[in-house]
């Protein structure tokens, strides 16, 4: 194990994170809430099947009382769980579980889980036993059917549960509300909406009368599936038709559903309706609404709503602060995120692993010490956070540090030693693997999660989709997306990731289909989805379609931000429609947004493309008067425009302005200047610029070298030889473009035969040609056909080109030979079995 090897190399300086893991392992058992079912289940089932924490206390007391008073209880427990699967007949096991269930009502869920551990292998036997047991004793038969129903529900087997429910109805008995609520949740989770509605209709007709819990289960199921109209209609008939008064939970479910599917405006209308109807909002209500405002970047409104909580007497909890801190962190406002964190501590609230992860992500992205502040406060000792949360913190920290091997060893060691693990830790490592392109390792972790009985969250699938999209594997990403749709996951972010990736791959057809699919499944596009859609259309230069989407976005009440405005302004500039671009800048100001440096640079570039340099000067003055400082990109754009216009004095004037403003030129500035000098056959001045570049410590790049080489090949030989020597001395690194420069000059100067000879030599040595190389070779062949004798004039220039070509070839050849082949590992995971549907179906 690499982690242990590293520890062996540094025995006296253990890493504080690994020391923290040892403390977690030593205290992990204290964090468990004892589950009486665990000792009676096979090890493979312990993490999949467990008694709900709310029922454990009563079940444990009932079991202890029964063990003391009834010797038969020992026999029943042994019959159900002892020995091998075939040590006693299944019918005897079912009967023993039935006796446990009948002995105390608190043991019914316990007995159901013991039977669920035998499923699905014993499904047919359990169905047969439950319908024929006790030979006609109605009470015992009903008890058997009820036990079988709860066992199938605990095992997640909806079809079999429906079959048993039908038998309960035929026997004239009424199923319990708890069983029906569990069945509805299971059906909705599996996407069986029609079956869930049939169960609800049967309740309304035959009983038991739907309770508030049943209605809330229906509301939750409809909202998870995006059926917001049905959910709203159901809320309306609850009180009018059934006399069931919606509570705060009912409204919270609907408000959350509308926020998730992009209907935040309707969510706030529901909030107003909730308040006017006398249902007091809870902290959950405010958490949902603050979160959606933060998600849309409306931080001023989010903070105002956050402050309103205290005014109405609702105390913010850790989740509320996490939502607010996350909003600040994602918008780069880390100072305000740190202030909110300190406020959280002052109020006596304890940060959890989510708080750390939010601050760590912001700190790594924007450069801030907020994460260190939190680590210091928590002490990494587990005194404020549970073992599972502490493990999440450690795993996330290692992932942010890029130590993925150590993160996996940490997680793997925790699993082996019985430390409770959560989805958050897995998600952090899956995200890190996906970011590094290690998709096989990411899916292997997904499989391990399923094996441990941890249900993947929406974030889990989003990270998997993101990794596949970064690799360009959009077909596989689509399969993951379809799997999420079938399982009823929240899809807004998932579709946005896939949509953006489709545009980045230049696949407009796929992107537009994705956008249509969002509408078909009832997913109302939110601010982020619309922004990605507009940006993608602009990227592919679908200007009219982008503007229509932009207009629709504003009519829906979604306020575009600077990034969205900059995207569409840039698209209009590239299309040559400067009037519309300038109009959008004005509209941007009217909507309360302040155009930034990027906006000005986009407009300046558009005006420079048109050659409208007078208006460029005016825009530059306007930019400075608004407090915006021109950056290197601004000056480079203007200098390049003057150079293209062959106005060297104007270009030099802006170079001087650049230095006077304290704006340091970069390699692009020098390349622009050198290209202009070489184009005007001013190689002596180009050489001086090269000297200045070296004096300033600015390293030349391939563009610098190729620009000068192109100039050299067009200039007189004596100056060219001097400059060539200087380039070689500066460790000139040629590339394919360099070779194309030389081959094209052979053709320009009538040495097509030489160009073909060098091209053949390069091909034999496996050099990669691009389209430009192939076009040059075609040019040389045409010259040879038109002039078979090939010009033999200017032999000195031919020899000079031969010398340069030889030097370039040798440099490239040596560079290729010195490269070591390195194959990245996949962190020890087996990439076998990576068929997407096989992987997903394991969940």
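The backbone N, Cα and C atoms fix where each Cβ goes, and this holds for glycine too.
Under the heading repeat 'PPR', TrEMBL lists 176-210, 247-281, 282-316, 317-351, 422-456, 457-491, 526-560, 561-595, 596-630, 631-665, 666-700.
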Within the repeat 'PPR' (422-456), residues counted as helix, strand or coil by DSSP: 26 helix, 0 strand, 9 coil
For the repeat 'PPR' (247-281), residues assigned helix / strand / coil by DSSP: 26 helix, 0 strand, 9 coil
Leading contact stretch, 282-316, 317-351, 457-491, 666-700 vs the repeat 'PPR' (176-210) - CB distance under 8 Å: 457-491
Tally of residues which DSSP labels helix, strand or coil - the repeat 'PPR' (457-491): 27 helix, 0 strand, 8 coil
Local confidence of the prediction over the repeat 'PPR' (631-665), expressed as mean pLDDT: 86
Distal contacts, the repeat 'PPR' (282-316) - CB-CB under 8 A, six or more residues away: 248-249, 251-252, 255-256, 259, 264, 267-268, 271, 274, 323-324, 326-328, 330-331, 333, 336, 347, 349, 526-528, 558-559, 561
Composition by DSSP (helix, strand, coil) of residues within the repeat 'PPR' (317-351): 26 helix, 0 strand, 9 coil
Counts by DSSP class (helix H/G/I, strand E/B, coil) across the repeat 'PPR' (631-665): 26 helix, 0 strand, 9 coil
For the repeat 'PPR' (526-560), the number of residues DSSP places in helix, strand and coil: 26 helix, 0 strand, 9 coil
